[in-house]
Each structure stands twice: as structure tokens, then as C-alpha cells.
Amino acid sequence: MPVIRFYDGSQQVYEHSVSLIEIIKNKKPSIMKSLIAISVNNHFSNLNTFIREDAFIEFVDQKNYKALNIIRYSCAQLLSYAIKNIWPLAQIATSNIIEDGFYCDIDFKRSISEKDLILLENQMKTLVKREYNILNKLISYSEAREIFQKCFEKYKVSLIDENIHCNSKVSLYYHENYADIDIGLQVFNIKFCKYFKLQKIGGVYWKKNKNNKMLQRIYGTAWTNKQELDKHLDYLNELEKRDHRKIGKFLQLYHMQEESPGMIFWHNKGWIIFNELQNFVRVKLKEYKYEEVKTPLLIDKLIWKQSGHWDNYKNAIFTTLSEHREYCIKPMNCPGHVQIFNSRLKSYRDLPIRMAEFGSCHRNEPSGSLHGLMRVRNFTQDDAHIFCTREQVRSEINDCIKMIYDLYSTFHFKKILVKLSTRPEKRIGTDSLWNESEKDLSDMLIENHLSFEYQSGEGAFYGPKIEFILQDSLDRNWQCGTIQLDFYLPLRLSSFYINEKNEKKVPVIIHRAILGSIERFIGILIEECSGNLPTWLSPVQVVIISITDISSGYVKELFKKFSDVNIRIECDLRNEKIGFKIREHTLRRIPYILICGEKESSSKKISVRNRQGHNFGMIDVDFFIKKLQKEIITRNFYQMEE
């Protein structure tokens, strides 16, 4: 008498063994049309399966939150099946699901093209129209091995040999006569896999080992219905339009080249943005009483060994030799700041010391992970290190939080998420010290009326931390700011101060970053604004365009007037149609376009329009300059409306 328990908490008792179809008819017959899978004791089962003992059953229809991944697992192996249909000699290595989609890695004699993606997608659609059932079979290790050996699928044989014990069963899924290793629960029938799109081709080493063969990876996305697929494709199109790499190239902000991977060649316009952002942070540093320092790019490897960075990060550290001495190209600023702190004796009266640097850091990131300004090998950290007593920690944390929000408020991100990472299993320091430190951080967040999420066990081994995550208008999260307590580094590098009892005491270090990396933050801003940066950050703030040659003298006069008050301005005297000029400078994301013709020249006024197409009409020059200067000085995120 099997007792069947259901996901909703109900149960049903049967007097004899019963098929899944019969259970469905008794429990929920209406679900049959939308049922994509059934899980019995957390394992996929066919509809004709008979249940002979107690079981836990879950019906998965298209509305179930698990449906999406089940469809994506199915599409991943549908893609493998399509590949084998078109290119029988191609070797399927692995397939799996990822966020928003799926992929398949293949070993093929030639490079796969965009045209091939269309061919494969059409083949997948043809297979879906057959509405075949997907079968799951458990077979022996030797049977599974033999199946893939006969098909010359060496990668599948390798996966079986390495991951499955010779006495174990192997779970295979069958798409018609095509067998593949079970990677996850799949749909009953391929008809539920209609809504997919193949997207791009990439490269990946077998088992992520650069000593192995490079495979070709085909990426796709899949959804439960057409509306969700279309919505996702629209989202991807919007991402492509906002891609900082494309916008950066079009606006001539920077470039990167093969001879210096992960390093940025800043052009004049991009460097203006960089410096404006850096100067803005400098204003805040002064306001919050930081001292700016500069530490060497090269520091003896011995320091990095003493600090512990060499043991933990040596694979990411560039090194160089000089006169039989090995140096590290700094991957971070903190050990250098400790050297400045240690350079002279400190009293408790000197603390807190807030030390900031725009440090040029280098990290040997894998070439495959490099991505425009977002992931580079050379970047500028806007971090700071606060050396303070234990009693000063709460006050300093509070000021750090205020400074971070003060600066972020200028950029009007959709939301700021806050996470508090607590003690990991492996850590230094006593439980009482961790209790006190975690309470310091949480109390300061609460005092500032900030909601936050705990990340249990995610803190560094040397102290808890707060992360500030910026959410953009496309709901993407960017982790930028951090406040990190550190009890470890000052101990490792022998830092101390003299307290009021004339005793040596080890200071606490607070690591504080706001933008994180200036380069990455510029990339985030470009994508958030689609290149339409606020006026104060725009490389060119105003362009004056002439209608005819008659007004060229007045254009030059205006150019000087704006330049004299440090407004970044260009003039366009080309003999082109006015509509052409306006469109060109709008595409260049220049905030304000001033139009000068005979009417403007004779009245000594200007016609103004912004890059959104709003026409202000003809206005007084000095009035406009005054309004523009106010917009720039206040670092207004939005343009003037009148």
C-alpha cells in the first residue's frame, strides 16, 4: 500500500502499485496539458512508471519555478542532438545550463560561424516539431561506456571514467536515438522547448585547463513562453546598445590592443572623464579629512610575503627582477600605506589617520576574463586605509558610510543594496572580537537607517566587511564600495602606536573603497547613461554650430567667451546642412548644441537645444553661461529644462 506524498503537503494511499498517469488523473487531471516533468523522490520519472512503495511526488508544469531550468537542460541536449545531426563527426564535450540559458562545448574541425548558428537553430526547431518524448534510462557503467565508444565520443567516455564508479549506474537521456549523459531533469516531451535562441560562439579549454584542447562553446537562451523570450531578447538588445566598449570606441574615449592585454590607452576625451571623476573624489577626501598619498608601483617581494598577499594571491601578482632582487608590481595599495604609517612613531593622539590613494594596481587576470573597462589588468583603486584605535572604529565606520552615500547620491543609481559579510570558518581573532566587530558594523548600518542582508561566513579571515552594490536601470548589480575591518595586516607588518599608558598597541585598519576601480566605474556609468554622461563629466560640454559662413565670426567670439570660463567647448564651421550637424553632435552625446545664424549674430544671442532634442529657443548668452556653470559646479546629474 504505497503512500504518495505531494509537494503541497497532501497525501494519498493506494492499495496496490499505481502508475504516474493514474496518480495524475486522480490528483490533478487538468495539469496534463502543461505538465513538463515529474519528480519522484527528487528523480525524473517517465509517465508510465509504476510506484510500488511510499514516494514523494512533485508535478512540474510551465508555471512552476523549476520549469525554466528543466527546459534549459533539455535545450542544451537538444542542441547537442542537432549538432550531431548536421555534423556527425563533431565531438560533443559537455553541455549545461547557465544564468538565462544554456551552452554546448564541441570539438570540431573548423570554426563555427554566425551562419552555422542559424543552421543549428533551424535544425533544433525541426526536431521540436517532431514532438518526441525524451526518455531516461539507468544503465550499467560498462554499457554507457560502450555506447559512447561506438560513437567515438571520447569526451563522454572521459567524463564517465572520471566521475562514475565502475559499479554504479549511469543515467542517460535519449532524444530519439541520440543518447547523452544526464546533466539535469528534462521535459517529458520536446514540444515544451519551442522558445529558444542561439546567441553566440566562444572558446573554452577542456576542463578549463589551458594545457588542454580549445573547444568551441555555443551559447543559447531558452524560456517557457514567447513573451519571456522576446522580453529577454529586447533586454539583450538594450545591453548591446549600451555596451561601453562600443560607445567608448564611437566617442573615442579609449582603446585597448593585443600588445597590452587588459591595459587601457586613454584618449583625451576619456582621460577628461577619468580626471573629472578623480577630482570629484578628491573634493570628498578633503571634506572628510583624508590625506592623499602615493606609494611605489614596485615593492620588494619580501613585503608581500610578510603581508600574506604572496601566499594568497601570487598567481595574480606580476613580478620583475632588478639587480638579483625580485619586486612585485603592486596589486593593491594596503601594504604600501602600512609602510607610510610605520615610517615614524605614532601616538594615540595622532589617530585616526585616514590615508587615501589613487593607486595604479596591476593584477594578472586570465585573458579570457578580460572585458573592456569592467575587467582589466591595470586599474586605479580609489581606496583608503584608516588607522585607528578599537574605540574609534564605530565613529570611523559611520563616517565611511556617510561618505559613500554622499558620493553615490550624485549618480542617481536605481538602488543601493547593502550586504554584511560575517566570520568565516577559518579566521583569526577571538569570538568576542568578532562579536564586537560584527556588532559595530551592523549597529552603524542600523543607525544610518540602512536595510541590509547578512552574508554568513563570507567575511575575510581577518575581519567582517560591508559591501555596497549599485543597481542600475537594467537591474544589474555592481559591487563597488566596501568597508572592511582588518585585525591581521597591522600584526603581520608590525604596526603599532603608543597609547596613553605609554604601551605599544596594534591599530585596527579599516579598508575603504567607494568607486572600487575608476576604470570600471566609468564603464558602469557609460552603460547606465548610454554614453549620455552628466554635463560635468562630459568631455565636450557645448558645441557651437554655424548655419552659414556669415555667422562664423560670431561663433569664434562665442568659443572664446565659453573657453575663458573653463567650459569645454568645440565649434563646427563646416559647410554642411544644419540638420546633419545637429544629428552628428547629438550622436556624439554632447549635452548642449548652440546654433548660430544671421539672427543670432545680429541679436548677440544663441539658440540652444540639448541632446534629448529639447529646444530652448533663442536666449541671452550670459544667462545661459550662468545656468550652465551652475549645472557643472553642482555636478547635477540632469540637464537644465528651461
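Cβ atoms here come from the backbone N, Cα and C positions, even for glycine.
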Given that Swiss-Prot records CYS334, HIS385 as binding Zn(2+), the matching residue among HIS232, HIS244, HIS511 is HIS511
Can you name every residue in this chain, apart from CYS334, HIS385, HIS511, with its Cβ inside 8 Å of the center of the Cβ atoms of the recorded Zn(2+) site? MET332, ASN333, HIS337, VAL338, ASP383, ALA384, GLN484, ASP486, LEU489, ILE509, ILE510, ARG512
Near CYS334 (Zn(2+) binding site), how many other Cβ atoms are within 10 Å of its Cβ? 24
Give the mean pLDDT for the region 'Catalytic' (243-534) on the 0 to 100 scale. 94
Residue, out of the binding-site residues HIS385, HIS511, whose Cβ gathers the largest set of other Cβ atoms within 10 Å: HIS385
Counting by DSSP secondary structure, give me helix, strand and coil numbers for the domain 'TGS' (1-61). 11 helix, 26 strand, 24 coil
